[in-house]
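Peer 1: Pulled these from Swiss-Prot:
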| type | residues | note |
| --- | --- | --- |
| DOMAIN | 37-503 | domain 'UvrD-like helicase ATP-binding' |
| BINDING | 58, 59, 60, 61, 62, 63, 64, 65 | ATP binding site |
| DOMAIN | 532-816 | domain 'UvrD-like helicase C-terminal' |
């Protein structure tokens, strides 16, 4: 019997799950109810369907989170425990929000129900919510491996390898060693040939290394990397000569026939309708000859067909390439049009026949050389296998793993241990997953292993799958969708189409674009009635014509600054941003729109700085979610890194000169030149030593002042170098800050707070680096240098940001959010197609497709010893086409996500020359959709939308184009923000007469007299908290150690006033965050840095407050005696326990209720261990012990009364010092 049946077979009789007929009854009742916001029939079905796999396809804004919460709540009300549900979310933040919603609904249900048994059950679920399996798949697999990793020999004391620079460093070390081993054993030169194939003429192995990383990373997204590499990566038959011959004889023959039949129809039409007017022309005889060649095609094989093609091309090449061109000069307009149409059609046909000829030539050539690539491919696969194993061995040795490793360990544990797998399959009543469209194959395998085969609940929307770069595979969702659609016995498919977010103008525009853009061929799904958005409430259907979607196009009238070249990059321009600024000013001034309701979406953060500078010019507040990572390039950090480089190695000339010129030492160009001239060769440090002794080639250039400056520098540097040998990098950095006042110096510069935050973060990152197990300045510098060399900069430090401001974020960041006004910026930006030019393209199904560097010396008459030609193998070409469709489909989904963020109004923003754009698009369409060839050939959102506008110009597309020129963007026409007026001072003449004021003052005086008379009773609250009691007793407690001064002596200090607008973080804020963190911390598993940070992520506090919490100190607490006792007795643990106690005030003898929340206690049979967290700053622990003695005594008395236990041991956990301290309080 599984856990579900055991729980439901208890004493309490829970309601049974609804049958299909009962669900229909609920749907009918809901439809006829008078609710203002009714649940849809599909939402009800998704909430109550039970006993089978369910896939919910939830369109944007359809309330999928509402459905999930309601479904979970329904299961809890029917006797299922929260611990019997496995709920996977895409992000930690989403998990926290889901828990909050469940908690809120549970509290509401508990308050409403009168059934005491149900209340007890739901209260138990509320208490267990923090321990429930609601989180990311990564967090679950981490817990699973911590608990059961012993079965694979994995220590539970592992850490997560999250730092990209550390990962890159480890991978490089493993690769270099393996590369050297392979090179040493390469007797026949096969490995050198492999490396040359991917590195070309470069002298290093970087090209080959990137290929190895690429294949390795792809394999990690599969459920079994080793199995995929061995069984799928190399598919030898795809590289065989037989495969090309088969393609030429079968598939390609049909392609050639199709083109020739099209040509026959075209030329035959021209002969029939043009004989009378052009029959005597020279080209006409050539056309008739071509028609003769286009007869009897069915009986020809592929080789004969290509001979016909070649003969047609030869005929066309006559008369200098005009053999089939109508060169006549008719005067009749109809004949002119007929001639031009013929010439254009003929040119396209000849071009397509040439392409066919080239394709056949390349395939024939490939047939001889492609097979030579197979041994290299096998060797590449073997190298990647060895690299993957060696890399994993290093991570095992370091006890540091990537999330992908943890996922694969978890899969192995469940696959190889039937008892563990059975435990989880029996434990979970249902396996639920949110954002199912973004699952990868490793996560899908985990869900399969946790499920019993008929208890999966999956929610997602394939149209919002935008994480292919993380190896998410939307086809996992689509295959389930099609399976359940075709065979309901396999599972239930439920469509949530109603959108409850956007007004009808947004929905209609989105549908109009996507019904004409997305289908199975390009888009991977057909956007039809199944996927179209429908307004979910009557209010959304009320038309607001002014909110029709607008396509704002910055008209680049200067043709020299505009281009419609498909290959030319189109960066965001100042003109486009001015267009948006102008509209935002209008929205704010005329429609009263708040800045916080407006969001700008971009595809990349590359141009965030430009956007923010222009908005700042117009006074528009704006907040960005981050720019291009440039932390290591910030000037203050670069100077400190150069300082560390010099400390590590004074012979580093570049770093040394940078340090000398820095504000810390201020050597100028003249002084540096004088030093440099003291010796012709050698390092600059050596020249400084020579200059100091005035023994160089030009001692006359050295003044006493300069020599002293050099002496001071060398002395400081020697001192720093000696200090660095004995202390941590963190201490070294702060020593430099303090001795040279550099931290204070940058604080006085523009953006000083940001610069100081950067320096502070450098110290923290150095400290974090040393906690990973790595030690030493040289290794830290090497890690930083590798990060810079690999363009792996660190994230910028965030500052406090204004609340009422326009938001600027990427489309990816906006997913799941909603905003009243949305501007999609730079839609003429080209898609990122870099992966189309890789030397290896990978398909999950077809394996590796590679480019092969063939030696064609035998085909080419050349004096050179080798003639190497880079060939795209057939598998490479097939994988490239698959990749192109996948990338274009992803871009369509990205556009869909962007458009569906808007609630009220949507703006698209692009640019181009109006005249050129009008001529660019051909208007081709097929079956109500933009022509496939058109969609495949385009590489911007703008091209797609304007091509739709051209192809379907006679239809209502629910958006309007607005061209904006520079003349529309003058300072006068843009306008200025109208700020809200300040409150004007009140005038006495506008208020009541003076006698009324006098009467009011008399009444207030009498009230004051009464207040003074009964002050004691008035100030006694009926409810008090322990903190209030503590404050009451504090003056008395502190008197014992009080010294009375004869005379007041003010402290002679001067503190600069704080002019920053950033609110200070108070101790109370940090304390509240710490308390919430300790409440959220899951103590049922091993407490690690990752579990603490995961809990910290869910804490409701500003990031700046969270940054003040010392995670290491939290970890250190669980290494104390009390911490270990708590972990060993979680069954006796009570956290955040509310209490109430009746007390008597010692002054007024009035009764009052003391209420509070105890941080935590362990309840034993004969005694209680009480503990409380304190984040106060202190010099000696006894200070806090005395300060909180009275408060702890109140807690202890309340517990004694509640449990009838006399012994309560009290402890304060002090988190406000330099290290963790646990102090026992005597009461």
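Just so it is clear, glycine is given a Cβ too, placed from its N, Cα and C backbone atoms.
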Peer 1: Any idea what DSSP makes of residue 61 (ATP binding site), helix, strand or coil?
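Peer 2: Reduced to three states, the DSSP call for residue 61 (ATP binding site) is coil.
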Peer 1: Determine, for the ATP site, the additional residues of the same chain whose CB lies within 8 Å of the mean position of the CB atoms of 58, 59, 60, 61, 62, 63, 64, 65; present them in sequence order.
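Peer 2: Checked against the 8 Å cutoff, the neighbours are 461, 496, 499, 500, 501.
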Peer 1: Just name the most isolated of the binding-site residues 59, 62, 65, going by other Cβ atoms within 10 Å of its Cβ.
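Peer 2: Comparing Cβ neighbours within 10 Å for the binding-site residues 59, 62, 65, 65 has the fewest.
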Peer 1: For residue 61 (ATP binding site), what residues in its own chain, 6 or more apart in sequence, show a Cβ-Cβ distance under 8 Å?
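Peer 2: Listed in sequence order, they are 499, 500, 501, 502, 533, 536, 818, 900.
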Peer 1: List the same-chain residues at least 6 positions away in sequence whose Cβ sits under 8 Å from the Cβ of residue 64 (ATP binding site), in sequence order, or say none.
Peer 2: 56, 58, 434, 459, 461, 496
Peer 1: Take every residue in the domain 'UvrD-like helicase ATP-binding' (37-503), average their pLDDT values, and give the whole-number result.
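Peer 2: On average, pLDDT over the domain 'UvrD-like helicase ATP-binding' (37-503) sits at 91.
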Peer 1: So how many other Cβ atoms are close to residue 63 (ATP binding site), meaning within 10 Å of its Cβ?
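Peer 2: There are 23 such Cβ atoms around residue 63 (ATP binding site).
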Peer 1: Starting from the Cβ of residue 58 (ATP binding site), draw a 10 Å sphere and report how many other Cβ atoms land inside it.
Peer 2: 27
